[in-house]
Amino acid sequence: MKIKPILELIPEVKRPLKGVSFKEKIQWTGLVLILYFILGTIDIYMGGAEMPAMFAFWQTVTASKMGTLITLGIGPIVTAGIIMQLLVGSELISLDLSKPMNRALFQGLQKLFGIFLCFLEAVMFVGAGAFGVVNSTLALILVLQLALGAILVIYLDEIVSRYGIGSGIGLFIAAGVAQTIFVGAFGAEGYLWKFFSAMSVGSLGIAFEYILPILSTLFVFLVVVYVESIRVEIPLAHGRVKGAVGKYPIKFIYVSNLPVILAAALFANIQLWGMFLDRMGYPILGQYSNGTAVSGIAYYFSTPYGISNIISDPLHAIFYTLMMVIFCILFGLFWVETSGLDAKSMAKKLGNLDMAIKGFRKSQKSIEQRLKRYIKPITVMGSAFVGFLAAAADFTGALGGGTGVLLTVSIVYRLYEQLVQEQLSELHPAVAKFVGKR
């Protein structure tokens, strides 16, 4: 059975026939963000069922809002990406992703699988007790609503990818976490007002507890901004213009925040599967109490928020940190290969621009060998660092979750860079041609 005819039947957002202007990209990005917030205000029909407050682990990394059309958030998209990368990386699916045609096939398969996961994760949510005990008719209605909302999110992400700036996944995460941080700090019951209130009555110990999440959030913000500026610059020479030189920057966080998004989504899925299986009477991944894993592998993959939890069970914190680092490295390496950021693909792009590494022969092979010395080690180190920082930030109790803050700052920083590139493309297309292909 051939898969391509099936992929052709899946509706898709039409690709732009001509270049989308900077102004139009801003408009499309803003419109999609507004639509996403609107979806987050539309409650699904629950037939009187109540949603227990036990799915907090799911909300940050999936940019979801429980009980609305975006209850599943970007979960199906990200989970599909994880599984497809693992299948290609282990060669269970044989695809040479250096070829554009195969990359297009990979993206089509990922989208098809993502739509399937919209229904599967909806079934798991209902089965895991997200809406309490419901009858079969209401369960079906809930599943269809959750799946429909998740499919809409897939297409909103596709609109941003083709007509907007950045990716919908990053945009939705950043918007959700930013909202959580603002409400947590400045809302009516925000930590800032509680801090001032405690200080006014001289309760310094309590005041410190209230200000610590805000300080932790600021610390993560400053660390991420600093690390985003670290890069290795490789000198380049132009083949046709004598004396023309440039620099090719390879960032320390080479694959951006994708490894953390994928790793955190994997951990959230382990919790979801564990809760579902435990409710079905098969506690393979662990046992749960009030929606929290208390034993098994699911317990060790759950985030130990706060210093008190680390002190009470340091083994849990060590295992969680180690797994976050390992999976970030694996996903970082997979992402480099599947997204055309590997040395071979980048050497080809530089060669097409008639660029060569200064002091070396002008050949694609020479450029590739030179880039190999940097890209893989930097990918490993950068992915390991963001994994460690995400875990450590979670331990501090930062507003929006440590992982959420890290992702948001990184996403906004990259979005700013893309905005600069888009402006360059309109001011000087020749310059942007090189900048955009980096």
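Any Cβ shown, glycine's included, is placed from N, Cα and C.
Going by the topological domain names that Swiss-Prot assigns, V134 and K251 belong to different sides of the membrane. Residue counts for the topological domain 'Cytoplasmic' (162-167) under DSSP, split into helix (H, G, I), strand (E, B) and coil, are 2 helix, 0 strand, 4 coil.
Sequence-distant contacts of the transmembrane segment (379-397), counting only residues of its own chain at least 6 positions beyond either end whose CB sits under 8 Å from a CB of the stretch, comprise 212-213, 216, 219-220, 223-224, 227, 251-255, 257, 259-260, 263-264, 303-307, 309-310, 317, 320-321, 324-329, 331-333, 336, 403, 405-407, 410. Contact between the transmembrane segment (1-43) and the transmembrane segment (168-186) is present: at least three CB pairs lie under 8 Å, with pairs separated by 6 or more positions in sequence. Beyond the ends of the transmembrane segment (105-129), by six or more residues, the same chain brings 3-4, 6-7, 10, 12, 52, 54-55, 71-72, 75-77, 79-81, 83-84, 88, 93, 95, 97, 139, 142-144, 146-147, 150-151, 154, 158, 272-273, 275-276, 279-280, 291, 338 to within a C-beta distance below 8 angstroms of the stretch.
Only pairs six or more apart in sequence are counted, and the transmembrane segment (210-231) with the transmembrane segment (137-161) gives fewer than three Cβ pairs under 8 Å, not enough to call it a contact.
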